[in-house]
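Now, the feature entries from TrEMBL:
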DOMAIN    162-298  domain 'EamA'
TRANSMEM  15-35  transmembrane segment
TRANSMEM  47-67  transmembrane segment
TRANSMEM  73-89  transmembrane segment
TRANSMEM  101-122  transmembrane segment
TRANSMEM  128-149  transmembrane segment
TRANSMEM  161-180  transmembrane segment
TRANSMEM  192-215  transmembrane segment
TRANSMEM  227-247  transmembrane segment
TRANSMEM  259-276  transmembrane segment
TRANSMEM  283-300  transmembrane segment
Amino acid sequence: MTAWILSLEGTEAGARLALLLALTSALAHACFGALQKGRHDPWLARGAIDVFMVLLSAPVALFLVPWPRGVEWLVMAGVMAIHLAYKIAMARAYSRAAYTVVYPVVRGVGPLATLAFAALFLGEHYVGIQWLGVALLSGAILMLARINFTSSPHIGRIDLQAGLAWALAGGLMVAIYTTYDAWAIRLMPDPFTFLAWFFLMTSLDFPLMLGYRLLKARQIPEAAGALALRGFVGALIAFVSFGGVMLGTRLGKVAEVASLRETSTLFAAAIGWLYLGERSGPAKILLMGLIALGAILVQAG
């Protein structure tokens, strides 16, 4: 598998695979966000997901792939710090505001910042139509968040504003981790070595927080079996979501892959409508079309 992935770098086939991985990641990421926002406390839900990510990734990282060496440990430490900040921002955002408010804000801020970071730090070049496409995509996603924001009267305005602030922070962290992870996975000779250690090392923090919260509460969470199942399913989805987009950035340009991943907002709207009882009117449908158009323009460039 590794040799095949490496053989595709810099080829048209590799670019096409990167786009397919990005779309797969988009669907998985929308499902992942919905799992974290479901019936359980977001901190408990994310902690349960990370417990299973550790259990599933540890045997692979410890026994099947090489260990990081030298400066690679510092690279992985940076990965851990960035993703911890992202997860805290997301848990705080989901604790204060509705899923359909938080998710579009996070995904709307990310693409433009990622495009700028990739151009600045990774030396990638993007033409005008791609900047236009990302601006259209981000603008439509943020307008979608605004509609959801104004139509959430059942939540206190202070909570909504706090959730929005944390969502903006989460969006910035998306751009930072997307750019940093792309640099890190390109630095490693074997992308699957990076992925195995990524999933292990970035999943150690929230299980500790989960244990602390359970000890503090001195009781088993409500519907503990359902929480465990949610954690297991969430871990499997996370492997697809984060692994897919990182492999995509190894094979393709970061902002192109990231912009397609942000079509996860379309999948999130469908999930919110089908499973979370959230409605989509004509304005939302129009904005979803603009999101898709923006992603198409980025690829057309």
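Residue 1 is the first one shown; counting continues down the chain.
The backbone N, Cα and C atoms fix where each Cβ goes, and this holds for glycine too.
Counted over residue pairs separated by six or more positions, the transmembrane segment (161-180) shares fewer than 3 Cβ pairs under 8 angstroms with the transmembrane segment (15-35), which leaves the two as not touching. Fewer than three CB pairs closer than 8 A are found between the transmembrane segment (259-276) and the transmembrane segment (47-67), and contact between the two stretches is not assigned (pairs 6 or more residues apart). Taking pairs at least six residues apart, the transmembrane segment (47-67) and the transmembrane segment (283-300) share fewer than three Cβ pairs below 8 Å and do not count as touching.
Within its own chain, the transmembrane segment (192-215) is flanked in space by residues 1-2, 5, 43-44, 46-51, 53-54, 56-58, 60-62, 64-68, 76, 79-80, 83-84, 87, 181, 184-185, 221, 238-239, 242-243, 246-247, which lie at least six positions past its ends and keep a Cβ under 8 Å from the stretch. Comparing 15-35, 73-89, 101-122, 128-149, 283-300 for CB pairs under 8 angstroms to the transmembrane segment (227-247), the maximum falls on 15-35.
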